[in-house]
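Please read the structure below before turning to the comments.
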């Protein structure tokens, strides 16, 4: 399910690679004692540092909005799910079947969403992708009151929320480490630059 939120790891990777590249510039400035290189390094690192902080705040602030967007998309997929047997495959069916298989879930908030869906021409049932042991037509053999051990009972929205929160925690930890390292590098570079300027006064 596409979302701008999932670009956060890409931004972190890009920031880390750019920081490594700038680290080479900083090392060159320190080794050759070039104040211009050190100054460029400090300014660029500060820009990345601030951008990374804003990025982390943005991800945290929009986490709830992303979750609600995912829930809305799931509901739309159920609404457009081709319930009739032999109906043409569409994106809604492909998406829901893929999500339910991968996350081991059924429906949006609970499996009963399928029994309440207005997509079946006859007796309502769940898609085969809801079955714990998936076989052709297994979803039609499930009665609304006989589901334990036969289908996944948890809704997919809860599973997606858990996955988003887990990824958010990973991104937050990586961002914190990167911010700490960049902050240390900025302070070290500033200290070296001040030392070089102070030394040049007495030469």
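The backbone N, Cα and C atoms fix where each Cβ goes, glycine too.
Automated prediction, rather than curation, is the source of TrEMBL annotations.
As annotated by TrEMBL, transmembrane segment applies to 6-31 (among others).
Annotated transmembrane segment per TrEMBL: 38-62 (among others), in sequence order.
What TrEMBL lists as disulfide bond is 105-138. Sequence-distant neighbours of residue 138 (disulfide bond) (same chain, 6+ residues apart, CB-CB distance under 8 A): 128, 131, 150. In the three-state DSSP scheme, residue 138 (disulfide bond) is classed as helix.
According to TrEMBL, the feature transmembrane segment maps to 168-196 (among others).
Its own atom aside, the Cβ of residue 105 (disulfide bond) has 24 Cβ atoms within 10 angstroms in the protein chains shown.
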